[in-house]
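Student: Here's a structure for you.
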Amino acid sequence: MKSDQDSSNMKGKGKGGFRAASFVYALVSLENMGFVANMVSFVLYFQLQMYFKVSAAANTVTNLMGSTYLLSIFGGFISDTYINRFKTCLIFGVFELAALLLMTVQARYKDLQPSPCGKSSCLAGRIAVMFYASLSLVAMGTGGVRGALPALGADQFNQKDPKESKALATYFNFLLLSSTLGATIGVTIIVWVATNRHWWPGFLISLLATLVGFIFLVLGKPFYRLQLPGDSPLLRVIQVIVVAIKNRSLQHPSSPEELYEPEDKESSISTDQKIQHTEQFRCLDKAAILRDSNTKPAPWTVCTVTQVEEVKVLTRMLPIIASTIILNTCMAQLQTFSVTQGYYMNRLLGSFEVPAPSVPVIPLVFISILIPIYEFFFVPFARKITNHPSGVTQLQRVGVGLVLSVVSMTVAGFVEVKRKNHDLTYGKPVHVVWLSFQYGIFGIADMFTLVGLLEFFYKEAPVGMRSLSTSFTWLTQSFGYFLSSIFVDIINSVTRRTTHSKRGWLDGKLLDENHLDYFFWFLAILSLLNFFNYLYWASWYKYKQENVSSSADGICWSTNAMCAPQSLSASGVPLFKEPDDQADQNEAKKTRTTATNGNGIVGNDEKSTEEANGKS
C-alpha cells in the first residue's frame, strides 16, 4: 500500500519515533511545571492575595480547571479539521504565555490587587477585568495545547508497524512521566518561591519555563510526522445521523456485505484504515444503505460502513467518558481542600517549613517512581501472559484507578478526622505527613487512569478524530472539576437546612469549622457506586476491529485488542466478560474490500505526511 511505502520513506528520513516525541516531552514537562504549580497554589493565592473565602477560592480553582480541560475539545477539533496539531499548539501557546504575563503583572503591583472587604469576593472594576481576563486566557491557551499535543506525539508512532504499535503504549507512559517530573519541580521550587518570597516571581518562572518549552517544540519540527487535517469530524457524525433518519423506513439487508462500500480503487483511504462492521447500534447501519443502485452515491444520501462505524465508536465511548467523571471530582479535592488542610498542619521538616501547595509533591514522587517500574517490569511480564501490546487493556488500567480513588477518598476522610481532633485536643496541628496516605494512593490511581484513557481514546478513535478523541480524557477532567463546584454548592445548601448549627459542611471561613471529612466520605460512596457502573460499561464495550497484521515474533496485533486466535476479546475487561459469540471472532477474520464515497478522511493517514510537512 502507498501508506506503507510512505511510512518507510519517513523512517529513512529520520522522522517520527522517540526522537521526535522527545521534543513533545520537553514542552509537556516545562509547561506543566508552571501550570501545576499555579493550580495548586491558586487556592491560597485567591484567599491570601485576592481575599476570597475558602469555598469561593476552591470553586474558582475548580471552575478554572474545568474550563481549561473543556476547551481542550476546541483545540482537538481545530487540529483535526483546519490546521495541523503542531500549528495548533503554537497558536494556543500564545494565549497561554499572554495569560502568565498578565498574572505576573497583577501580582507585582499592589494597585492591581483588591483590598479586604469581608465578602465572598472583593474583586471589582479594572482589577476584576484583569483578573478574569488572565484566567480566561489560561483556560483558552492551556486547554487548546492539551487538545493537540498528546496526539501530536502519538502521531510519531505508526500503529501498523508492530514495533511502533508497542512503542505507542510506552510513549503515553513517558508522557505522564514527563508531566510528573515537571510538576514535581513546579510544586517544590516554584511554589516555594511564590509562597515564601512573593507571588509574582513564581508566575514569572512559570512564564519563562513555558516559553522555553515552546521553543523546544519548534526546534523539533524537522523530525515530526505531521498529519494533514481532514473533513470535519462533527460533519461526518451529523451526516450519518441525518442519513440514518432519512432511511429509517428501509429494511436492514440480509448481510452486512450489502451495505455501501465501493471498490478499493475508488477509495481515498487505504484498506488498513477501514473499520469492520459491528452489530451494535444497527439503527445507524441504515445510513449505509444505498436506496437505488443506479443512483450515484452522494455525501448526504449514503455513508460508507467505515463512516457509520466511526459514529458507533464515538457512541460506545460515551459511557466510558461518563464513568470517569467522579474520579476527577475526587482529584479536584486534592488540589483545593487538601492544600488548605496542609496549610493548617505542621509542615516542618527539621528547620525547613514545607509550603502548603507543595504537599501534592507526594503523589508526584510516587508516580515518578512507579512509571518506570510499570513500564520496564510489569508490562513485559504481563505481555507474556496476555499477548497484549500494553500488558493489560486500557480499560483494565482505568478500572484499577477507579478502585484506588475510592480508597483514597475513604482514607482522606479519616485523615481529616485525625487532623481536626488532634488540633482541638492538643492545641497543636498534626504533621503534614498524614496527607501522604490520600495523596499517595490517588497518585497511583491517576497513573493508571490518565495513561489508560489517553491511550484508549487515541487508539480507538477514527484516524481523522484522534485529537478530538484524545481530548475526551481532558473532557472527563473538566466535568469532574465542574461537578466538584456543583457538589460544594449543593452540599452547603442542603446541610444549612438540615444541621442544628444551620451551617453548611463547607461553609466556614476556617477549616476547623467545616465537616470536610463528611464530604470526603460522600465522594467515596459515590466513587464506589460509579465503579460498579463502570464495570458494566467496560464489559459491554467492544474494541474497534481493523485489519490485522502479523509481527515477526508471532504475536498478532490489531488496533487495540489481543489478536491471538481464540483470545480476541469483545470486552474491554475480559476478566469480567469473555467473548462467547464465535460470529464476532469470525467477522474479525474477514477481509472486506472497502472504500469511501467521498465523505472519507482525506489526508489524515501516513500517506499524506510528506505533503503536510511540505505545507507546514
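Cβ atoms here come from the backbone N, Cα and C positions, even for glycine.
TrEMBL entries are annotated by machine, without manual review.
Model, not experiment: these values are computed from the prediction.
Straight from TrEMBL, here's the annotation block:
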type: COMPBIAS; residues: 604-616; note: compositional bias 'Basic and acidic residues'
type: REGION; residues: 574-616; note: region 'Disordered'
type: TRANSMEM; residues: 21-46; note: transmembrane segment
type: TRANSMEM; residues: 66-83; note: transmembrane segment
type: TRANSMEM; residues: 90-109; note: transmembrane segment
type: TRANSMEM; residues: 129-149; note: transmembrane segment
type: TRANSMEM; residues: 170-193; note: transmembrane segment
type: TRANSMEM; residues: 199-219; note: transmembrane segment
type: TRANSMEM; residues: 317-338; note: transmembrane segment
type: TRANSMEM; residues: 358-377; note: transmembrane segment
type: TRANSMEM; residues: 398-417; note: transmembrane segment
type: TRANSMEM; residues: 437-458; note: transmembrane segment
type: TRANSMEM; residues: 479-498; note: transmembrane segment
type: TRANSMEM; residues: 518-537; note: transmembrane segment
Student: Are there residues at least 6 beyond the ends of the transmembrane segment (90-109) whose Cβ is under 8 Å from a Cβ of it, and what are they?
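Tutor: Those are 31, 34, 38, 45, 49, 75, 83, 127, 130-131, 133-138, 140-145, 147-148, 198-200, 203-204, 206-207, 210-211, 214, 217-218, in sequence order.
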Student: Can you work out which residues elsewhere in the same chain, 6+ from the ends of the transmembrane segment (199-219), have a Cβ less than 8 Å from its Cβ atoms?
Tutor: 23-24, 26-31, 33-35, 37-38, 41, 45, 49, 86, 89-90, 93, 96-97, 100-101, 103-105, 107-108, 186, 189-191, 193
Student: I'm a bit unsure how to read this: which one of 21-46, 129-149, 170-193, 317-338, 358-377 has the highest number of Cβ pairs shorter than 8 Å with the transmembrane segment (66-83)?
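Tutor: Between the stretches 21-46, 129-149, 170-193, 317-338, 358-377, 129-149 has the largest tally.
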Student: Hey, which bits of the same chain come close to the transmembrane segment (358-377), Cβ under 8 Å, at least six residues off its ends?
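Tutor: Sequence-distant neighbours of the transmembrane segment (358-377): 36, 40, 170, 173-174, 176-177, 180-181, 183-184, 187-188, 191-192, 334-335, 338-339, 342, 347, 432, 435-436, 439-440, 442-444, 446-447.
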Student: Considering only Cβ pairs under 8 Å, which range in 129-149, 398-417, 437-458, 479-498, 518-537 makes the most contacts with the transmembrane segment (170-193)?
Tutor: 437-458
Student: Please work out which recorded stretch in 129-149, 317-338, 398-417, 437-458, 479-498 has the most C-beta pairs separated by under 8 angstroms from the transmembrane segment (21-46)?
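Tutor: Looking at each of 129-149, 317-338, 398-417, 437-458, 479-498 in turn, the most contacts to the transmembrane segment (21-46) are made by 129-149.
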Student: Most CB pairs under 8 Å with the transmembrane segment (518-537): which of 129-149, 398-417, 437-458?
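Tutor: Selected stretch: 398-417, with the most Cβ pairs under 8 Å.
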